[in-house]
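Read through the structure below, which is laid out as structure tokens, and then see the notes.
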Amino acid sequence: MGCGVSKSNQFHKQDTKAIKAAVLIQHWYRQYVARMEMKRRYTWNIFQSLEYSGEQAQIKLYNFLGYLMDNFTPSSNERNLISHFFRENEVCRDSEWERFFCYKNIEVPEIYSGPHLTFPLTVEQVTGLVDALRNKRQLHSRYVLQLLLETWKMLRMLPNISRISTCQSKEITVCGDLHGQLEDLLLIFYKNGMPSLERPYVFNGDFVDRGRDSIEILLILFSFLLLYPNDVHLNRGNHEDHIVNLRYGFTKEVLTKYKMHGKRILKLLQKLFSWLPLATVIDQKVLVLHGGISDTTDLCVLARVDRHKYVSALRPPKKRHPSATSLSLDSEDDGWTSSRRRASVTSHRPLTRGTFQNLSLQDFSDRVKLPADEQAEARRRLLSSACGQSQKELGGVAGPAAGAPQDSAEDSDSAEAEWKQILDLLWSDPMTQDGCVPNEVRGGGCYWGPDVTEDFLSRHHLLLIIRSHECKQEGYEFCHNRKVLTLFSASNYYDVGSNRGAYVKLGPDLVPYLIQYQASSMTRQLTVRQSVGRTEHSALRVLRKQLFSHKSDLTCAFQELDKENTGLLSLNDWATAVESVMHLGLPWRTLRHQLATKDCDGKVNYLHWFTELAIKEPNMDHIEQGLLETLYRHRSTLETIFRIVDTDNSGLITMEDFRQTWKLLSVYLKMEFTEEAISDLAVAIDSNRDGSIDIHEFMEAFRLTDKQSRLECGRSMFMGTATDLTRLETEDPDV
């Protein structure tokens with residue numbers, strides 16, 4: 001008995017030790033998972049905050065340029081500098097477009113080894129095109145123009161809202177944002193099959209920008225649209241807009257890949273984007289659109305608008321005077337004006353330099369308003385005329401032809417209401433709270449709540465809204481009681497491993513079947529710790545650069561709290577000062593150890609980090625530091641203005657245009673730059689002394705180097721290449 005008791009006690013002690021060890025391991029693992037989740041969340045917040053901040057800056061800039069067009073005299077230098085940019089929103093006669101984009105005079109050389117296209121396209125030609133683009137063989141510009149022209153003819157026959165149906169033998173596949181990431185599109189085709197009569201697809205906008213292969217994605221999708229017009233459906237996204245393309249890379253990509261005919265290709269794509277359908281309805285129960293809805297969204301109105309008028313959704317369309325009977329593409333005649341512009345000239349309360357910078361799109365469109373009773377009557381006429389049509393007419397009839405006159409007062413009164421409907425459809429995001437409020441984070445569209453979703457679905461007898469427009473870590477996300485599905489198909493969007501892509505399949509039961517993936521093979525080789533660490537490293541690198549670009553403002557904020565000028569601040573004071581300048585809503589206390597060093601007393605040394613960063617170009621020491629900092633902070637805005645000023649898309653601007661560009665920027669930023677400072681900067685940039693400024697060299701000259709971050713190369717929006725990431729892992733195994 002004694003031995004038995006002894007063994008029992010021994011086993012009991014061993015069990016106790018095992019349980020304690022298991023509890024300790026479990027506790028450690030939970031802490032580890034919590035740390036990884038915390039890193040994942042603040043990394044995501046960094047990326048998303050900076051992305052939306054860039055979109056807001058783009059819209060503010062466009063509002064500002066529109067303000068100049070509306071309020072400056074026709075002969076002013078500032079207005080002349082950008083007037084051609086706004087003429088691109090004008091609608092010309094179809095015959096002029098066909099003549100301007102004629103491809104028959106473009107010869108295909110015998111040495112060309114890429115794919116050849118003849119129309120109508122065949123299955124073999126389209127699959128051959130996909131294989132060629134997969135293998136980086138570029139399609140000749142003659143075939144590009146021909147393909148785009150054929151696509152334009154096809155799109156003009158389509159309604160604003162496509163209506164499709166499933167059956168027992170069919171499933172409809174819906175894809176979200178692709179953003180120029182060809183490998184994601186090819187992976188979808190590999191997993192799900194290419195579009196065909198038995199395999200219909202809906203692509204929900206944002207095909208271009210940010211990624212490297214936007215034009216290739218468009219060529220593939222347009223080819224399948226021509227091959228299967230009843231089984232491939234393309235919705236317009238907010239990035240199918242030549243204004244947005246200037247900032248986010250698509251314009252630069254096309255001009256780089258097609259140096260000789262790139263400008264013609266871009267012009268035709270502007271036309272094509274305006275003819276893309278606005279939404280798709282599946283089985284009369286599921287609505288697929290890019291951004292979202294608002295409390296005023298009405299499918300009856302959207303089905304009746306002349307969508308081609310909205311070459312850019314960021315600005316209401318212009319109305320042509322009846323007297324302007326002819327206008328060529330290159331005409332300087334300003335016979336096309338907006339009613340908003342004419343009214344603003346006679347306004348008794350002109351906008352001042354200090355008012356436009358913080359205004360949203362709606363603020364500018366509402367600058368001149370009709371009396372309340374006239375607005376209500378115009379709205380009533382618009383809705384009654386649109387909703388008076390049968391559902392069959394709405395589903396099967398496209399809007400009026402491009403050349404249709406718009407002389408009636410009703411069309412003029414309803415133009416702004418139509419524009420806001422399209423703006424909301426392309427730019428809005430859902431929120432968890434009830435109601436509908438302006439989307440101040442993006443600067444356009446609105447946030448809408450569950451109550452708006454319920455009301456909209458009830459009024460239109462729908463069950464589900466599928467939208468895109470927002471990157472989600474799992475590639476998709478349900479909200480509003482699973483009645484709104486956000487779908488995002490560009491995996492690794494911010495960085496390798498940052499997010500999955502997803503697409504959804506709908507059968508006759510309309511139950512969403514979601515498929516997730518990640519296109520990069522590298523992500524499958526990484527542990528969770530490595531994946532989160534790489535993404536965190538990239539996000540912090542971008543954030544450090546944003547902080548440095550606000551160095552002067554941050555220094556002032558720090559010194560206000562550092563009364564004794566010690567260079568040290570408490571953690572609370574440091575976090576408060578950073579948020580007061582950056583307005584990003586990030587957990588700065590948590591991020592402190594990644595951004596600034598502490599001394600032995602636990603205070604933050606806010607001066608030490610700034611010494612780790614510097615403007616790359618070594619020969620800028622004689623340039624005013626405030627000018628350099630302003631340039632770096634607003635380099636994307638400045639590049640956008642440069643590309644607007646560069647009318648021939650050569651990548652070069654004259655010294656005089658360079659000075660005018662800085663004058664525009666100084667008014668926009670409400671800052672004064674001396675002529676001497678601007679001249680010194682121009683001379684420093686013009687290294688070959690040819691009297692012209694190269695845009696690409698100019699922007700590269702002001703890239704920031706970060707001694708703490710060795711990952712200098714970029715992919716997609718913030719993404720590191722595989723070589724860079726592998727090297728980083730070797731140099732720093734803890735990342």
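Just so it is clear, glycine is given a Cβ too, placed from its N, Cα and C backbone atoms.
The feature region 'Disordered' is assigned by TrEMBL to 313-349 (among others).
Sequence annotations record features per position, and here TrEMBL assigns region 'Disordered' to 394-414 (among others).
The domain 'EF-hand' annotation in TrEMBL covers 549-584 (among others).
If you look up TrEMBL, you'll see 633-668 (among others) marked as domain 'EF-hand'. Residue counts for the domain 'EF-hand' (633-668) under DSSP, split into helix (H, G, I), strand (E, B) and coil, are 26 helix, 3 strand, 7 coil.
Residues annotated as domain 'EF-hand' in TrEMBL: 673-708 (among others). Averaged over the domain 'EF-hand' (673-708), the predicted model reaches a pLDDT of 64.
Under DSSP, residues within the domain 'EF-hand' (549-584) fall into helix, strand and coil as 24 helix, 2 strand, 10 coil.
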